[in-house]
Amino acid sequence: MRLEAIRYSPGSLQILDQLQLPEHCHYETLSSVQQAREAIRAMKVRGAPAIALVGCLSLAVELQAGAGGPGLAALVAFVRDQLSLLVAARPTAVNMARAARDLTHMAAREAELEGATEETVRERVIRFAEDMLEKDLKDNRSIGDLGARHLLEQTNPRGGKVTVLTHCNTGALATAGYGTALGVIRSLHEMGRLEHTFCTETRPYNQGARLTAFELVYEKIPATLITDSMAAAAMVHQGVSAVVVGADRVVANGDTANKIGTYQLAIVAKHHGIPFYVAAPSSSCDLRLETGKEIVIEERPSQELTDLNGVRIAAQGIRVWNPAFDVTPHELITGGIITELGVFAPEELRAALSATIFSEGQTLDSPQM
């Protein structure tokens, strides 16, 4: 049975509550944008692609239930305002903001068409959200296959197996299915070319220990869990061939925001001459921002560091700094940036994506909500 973070059918949306993993697999029903926003903020669902999918599908569920209106102007305003709430839930990842921009503009255009009705605009917005789910799964398979082939060509072209280190959770639980960085690992495993996987626990929220380890065991992929502080030693002593991570936002020069701890992995990988890859869909690329210095970094509550399962583990009165993400400079991404459109060196990203996406009449400009 396929592991699913999101279960959707017209009028119905459920998410796998990732706070309860790995002990319990509990699906929670979301019937409104407000419920989706709370789930995203609480990290019951996380991962840049999954956040955008859940956000837009929650809007689709509300629209299917008759929310919005009366009148075209009121309906378009409802779509815009609900999407703005979702964008504010977790600001670092670009996927939700871009989807909100595209949906808002599309709803406004549809409403201006001759003969437009509330029903036609609703149907168009709902269909857009549903199409996102199918596209994300297709893109993930492409990322996995393209990344696996490129990694093998760079590290072991003679047909041997490779060992990969990954960080945080970038698999089926963070996407519509299959995953980005973990999708590359899945593809290597399916090809019979994966020797072993090392996944970091990913403090303070332990997405690696709770989620990635869960996925790897579920899929019977050979893997070992390590603490974040063991990564350098693993690269030296465990034969790591490459490091593959995901991304919440990749900007024009290739600088990449990803889960806190990614930056230090890239530094250590470069020191040891190990290729460092970023795997992300083009929807995670933000070409309006020139460098990573422009990325807004979300800061999380102090209790995520000071408490564990409701039990205080840090001294009372200690100060806490808890950024959820860090930015890896493009020069440390030595393997390449893996997208559904190909694998690119950071300096190639802007031209490559602009040429491909613009030829299809789309845009990768950062959303302005």
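Note that Cβ sites are derived from N, Cα and C of the backbone, with glycine treated the same way.
What Swiss-Prot lists as active site, proton donor is Asp248. If you take the C-beta of Asp248 (active site, proton donor) and look for same-chain residues 6 or more apart in sequence within under 8 angstroms, you find Ala48, Thr92, Ala93, Val94, Asn95, Ala257, Asn258, Lys259, Ser284, Phe325.
Under the heading N-acetylmethionine, Swiss-Prot lists Met1.
For Arg158 (omega-N-methylarginine), the Cβ neighbour count at a 10 Å cut-off comes to 5, with all displayed protein chains included. Sequence annotations record features per position, and here Swiss-Prot assigns omega-N-methylarginine to Arg158 based on similarity to another entry.
Among the features that Swiss-Prot reports, phosphoserine is placed at Ser366, with the record citing a large-scale study or a structure entry.
Cys168 (site 'Transition state stabilizer') carries neither a helix nor a strand DSSP state and counts as coil. The Cβ of Cys168 (site 'Transition state stabilizer') lies under 8 Å from the Cβ of Thr200, Thr202, Gln207, Gly208, Thr212, Val245, Gly246, Asn258, Lys259, Gly261, Thr262, each on the same chain and at least six residues away in sequence. Sequence annotations record features per position, and here Swiss-Prot assigns site 'Transition state stabilizer' to Cys168 based on sequence analysis.
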